[in-house]
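See below for the structure under consideration.
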Amino acid sequence: MLSTRNNLYENQDLVEGDMLFPAEFANSIRGVAARGSSVPWTKGIVPYEILPGYASTQQAFIIATMQKMERLIAVNNYKCIQFRPRIASDIYYITIVNGQGCASYVGQNTGVTMARTVTLQHPGCIGEAHIMHELLHALGFYHEQSRPDRDDYVRINYANIQYGMINNFDKYTNIAVDTQNTPYDYKSVMHYEKNTFSVNGLPTIESLVSNVSIGQRDNMSLIDIQEVRLFYNCSAIGTTLPPISTTTTSK
Ligand SMILES: [Zn+2]
């Protein structure tokens with residue numbers, strides 16, 4: 001049996017459980033950092049709006065989690081990822097909604113006209129690691145076990161996967177994704193849990209190394225953080241983003 005959290009987390013109507021794809025890309029891109037110039041957010045700035053539907057405390061928690069991500073990813077206190085309230089001139093921005101399940105598109109998707117919706121259902125998805133997971137999708141990252149080298153680290157038990165859900169365990173190619181030469185990360189907040197999409201309660205994905213747990217949802221791992229820094233070219237010197245006002249937030 002999947003827990004309530006899992007059910008919310010793995011919206012079965014969505015690709016990979018919780019990832020959304022623009023129509024144009026539905027059958028093309030797929031792991032880790034997605035390749036392509038349309039993926040990273042320009043200058044690492046992700047404008048956002050939060051639609052009504054949350055209590056003020058929930059909205060504040062979402063924003064506080066964004067700020068925590070900024071701090072964790074920052075190098076020498078220079079932020080190289082920044083979430084800020086959208087302004088009228090923003091062409092691309094994410095829209096956070098209290099909809100069904102936890103879900104996000106992957107990347108900025110430059111040139112694509114669509115609502116870049118990040119769905120964070122309350123209750124279920126307003127937890128720090130769940131918010132981080134979806135925002136990492138938005139920043140351009142797929143699930144860890146989608147890496148081209150994943151079969152060296154995990155075993156997929158196809159017989160235990162729910163009918164119609166096998167495609168959620170697809171492995172992507174080096175053409176579609178870029179591991180950025182980081183090691184496979186069992187501790188990634190982007191890694192599936194062992195029972196994700198299980199039809200019978202038995203593990204669908206298992207580590208090939210004993211005594212390794214997968215699917216933690218506590219925080220971004222050190223490698224998760226490293227991957228974002230690499231993807232957004234956060235150098236040791238740091239990329240200085242322009243100061244922004246954080247006093248205004250969407251309702
Ligand atoms: Zn996900």
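For all residues, glycine too, the Cβ spot is worked out from N, Cα and C.
According to TrEMBL, the protein carries these features:
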type	residues	note
ACT_SITE	Glu134	active site
BINDING	His133, His137, His143	Zn(2+) binding site
DOMAIN	27-235	domain 'Peptidase M12A'
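Features per TrEMBL, on structure.
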{"residue": "His133", "record": "Zn(2+) binding site", "Cβ contacts under 8 Å, 6 or more apart": "Asp18, Cys102, Val189, Met190, Arg217"}
{"residue": "Glu134", "record": "active site", "Cβ contacts under 8 Å, 6 or more apart": "Asp18, Cys102, Ala103, Ser104, Val118, Thr119, Leu120, Cys125"}
{"residue": "His137", "record": "Zn(2+) binding site", "Cβ contacts under 8 Å, 6 or more apart": "Asp18, Met19, Ser104, Tyr105, Val106, Val118, Met190"}
Specify the secondary structure state of His133 (Zn(2+) binding site) as given by DSSP, simplified to three classes.
helix
Restricting to the domain 'Peptidase M12A' (27-235), report the mean pLDDT as a whole number.
92
Looking only at Cβ atoms, how many others are within 10 Å of the one on His143 (Zn(2+) binding site)?
26
Look up His143 (Zn(2+) binding site) in the DSSP assignment and reduce it to helix, strand or coil.
coil
